[in-house]
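Visitor: Annotation comment: TrEMBL describes 262-432 as domain 'DNA primase large subunit C-terminal'. Per TrEMBL, [4Fe-4S] cluster binding site is recorded for 271, 351, 368, 408. Per TrEMBL, region 'Disordered' is recorded for 441-492. Residues annotated as compositional bias 'Low complexity' in TrEMBL: 456-473. If you look up TrEMBL, you'll see 481-492 marked as compositional bias 'Acidic residues'.
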């Protein structure tokens, strides 16, 4: 009984500490955590949050169900602790380059936007006070005086709605985005912002703070890199892939070498289609290309014997004779299949690995075409593959926004004539598998392609995210993507 009593006292003390440390369910992550945690917990928290951010990136925040937002519960302080710690771990991992910082910033912004909009009006007000964004609400007299101007300048606001809604007097510097979009009334250097638009102000403030914090964290990297325990973990996290590794395939040996040319056109992602075409034209690939393409072919079902035959036939059509191939290239192929060296059974490269590591140089064909190709060359390539002009424009818009995997998803939709692929794309072999499912009757193709060419990125239009026309298959797949994340903010 004495032990149980002490345990209850300790639990109550910890709960009290958490309550003081996390007074609100949402935060700007201004203060780093100071407690000690194990390396196991460190990696576990980070991987779970990375999975969450990948879901946010690939499916859009409208699919992030309440199960991953339980940190918003007003009495779940342990969940807030996990949210706090995991954010700072990934901040360390993703501050190491400009590309990583931009990706992390965008996904954290989208997650924050969703969470903020899930708060009740009362909790929103408390949060604004908590982060010192207590904007001045205008009085009823002033609102009535400006009613016509507020209605005219604020899209969707009738005079009746103006009278119902609370308006805030905000400095113009804080409302620049609303001003540029002509969504707010301006007078004497102040913007009069309706309560429903206050999230734009909060998000702008959060972006500024997080962007600055990432830059400051990057400056502190040398001291962290000297820690032999943390640096390998952080490097692993920044290039981490959290889906299937495609090391074991049910169709091993079921794909013939004669099928590869046709499959490369119908079911290969652009990166692998590019490599296959380069191999057929030049009868050679450099090491980076052989690794990326060879492991992909292994993943779709080529046996070791088939791989040796495939590469040898192609190479001897070029400047490599059979004897040179056996001595210089066959070993690395057997090595990839775990038959040489350390006997490691290597897995195909994920999208993240291809995008973030070993960029191609002159004469190379590996890498991600959406990440590493010149936009004009990419445009020409897409046109040569009969992608309609509106589709090319959509892909290039995604590339411009550095949404490379989303650009690949759009390429899948355009080449398979579907409106929504219904899954988040993270791996070239996943692309192949889903393509084969679709071509073999696993999905229903759309009737016609929409040539409007209109495109809006998810971070620019909340309406495009929440569209009611989203197919059921997308939501069902989102449920699958989120499986296992229910425990993220609730487990001890």
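The backbone N, Cα and C atoms fix where each Cβ goes, glycine too.
Relative to the rest of the structure, where do these features sit?
Guide: Looking just at the domain 'DNA primase large subunit C-terminal' (262-432), the mean pLDDT is 92.
Within the same chain, the residues at least 6 positions away from residue 368 ([4Fe-4S] cluster binding site) whose Cβ sits under 8 Å from its Cβ are 271, 351, 354, 355, 404, 408, listed in sequence order.
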Visitor: May I have the list of same-chain residues other than 271, 351, 368, 408 whose Cβ is within 8 Å of the Cβ centroid of the recorded [4Fe-4S] cluster site, in sequence order?
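Guide: Neighbours within 8 Å of the Cβ centroid, excluding 271, 351, 368, 408: 269, 270, 354, 355, 369, 370, 371, 404, 405, 428.
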